[in-house]
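Taken from TrEMBL as is:
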- 29-54: transmembrane segment (TRANSMEM)
- 45-289: domain 'G-protein coupled receptors family 1 profile' (DOMAIN)
- 66-86: transmembrane segment (TRANSMEM)
- 106-123: transmembrane segment (TRANSMEM)
- 143-165: transmembrane segment (TRANSMEM)
- 185-212: transmembrane segment (TRANSMEM)
- 233-258: transmembrane segment (TRANSMEM)
Amino acid sequence: MVCHDNESIKFFYNISRKNISDTWRTKDYVVVSLGLLVSVFVIFTNILVMLAIFMNRRFHYPIYYLLGNLAAADLFAGISYMYLMFHTGPWTIKLSTSQWFIRQGLIDTSLTASVINLMAIALERHQTIFTMQLHSKMSNHRVVLLIIGIWLIAILLGLVPSMGWSCLCNTSVCSNMAPLYSRSYLVFWAVLNLLTFTVMLAVYMRIFVYVLRKNHRMSQHTSQVKQKETVLNLMKTVVMILGCFVVCWTPGLVLLLLDGLCESCDVLTYEKYFLVLAECNSFMNPIIYSYRDKDMRDTFKHILCFPCLGPQQTGEFSGVHFNTVKQEARKTRDADGEQANRGQLVLKETENMLDSSES
């Protein structure tokens, strides 16, 4: 078996019948410009999410730490896309095989981190919703270990092709979309992610069925209604994030599956469109946060307006809105207690009036 470690990138692209240009065309300028613009937006919006979770004490719970880690994965995706834009088009032909594996490995790592993180969020929601709790009782230490484990697995899967599961030593199995990757690896990677999507959808379906059955049994006490609404709103936000991820990434994964299983299928025609669709997912999550979560939206405004308003005015804003969930629950209980005391006073005064009238 002869390995082609020292061959040029053009050698593998010719085998896969994937065109590679050595001169800049108008199309290349447009693709790179749009890609860099989207990458900058992705990086900015996800840094904003991470800052919001760090600054607002209301978000210091396991579910939000995992959502913050999802933002970190999207931030890493934005950096990976930016690296890709500086190593695509006519620049591709100048890459060594090691540089090409780095370029693809960054993309693979960011997607894997997002998928595993979404699975962790689904399991966390399953654990808390079935007891109708708002937040998991998982300790911060366990959350940190979970996040470290997510990234270790993502990095490992991103390095697998460069560690041997490629077509450098067997060019007959080279894929069309990723000319240095083995088709069997693409099948493995696509099936693994699609199965993960299926498991997550099954988990959320089970949660929704449980919540629907539980809702009509709950009493109409104020604190329980408030907690139920908060749980449902958080669930809707998480499901929207999952749904957006599935819509953006499933077409690309199906295309990878076709590339691995069908040698005659024309997958290169749709490759760039599905890549753009997948890239758009990385800035959709901050938009969903802003749309669904008022606290997150207010925190974004607080961060963005800080240079304009100054620390004093933003500090006042923070004092009003940055209470913890426990503080909000305490305020609700105090309000209920005060209302009950007022009711007792009114009742007592009425009884006194009746006694006076009888006498």
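Cβ coordinates are placed from backbone N, Cα and C, and glycine is handled just like the others.
Remember, TrEMBL labels are computer predictions, not curated facts.
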- Counting only CB pairs under 8 A, let me know which of 66-86, 106-123, 185-212, 233-258 has the most with the transmembrane segment (143-165). 106-123
- Take every residue in the domain 'G-protein coupled receptors family 1 profile' (45-289), average their pLDDT values, and give the whole-number result. 84
- Is the transmembrane segment (66-86) packed against any residues at least 6 beyond its ends, judged by a Cβ distance under 8 Å, and which are they? 32, 35-36, 38-43, 46-47, 49-50, 53-54, 59, 103, 106-107, 109-111, 113-114, 117-118, 120-121, 124, 143, 146-147, 150, 154, 238, 241, 279, 281-283, 285-286, 289
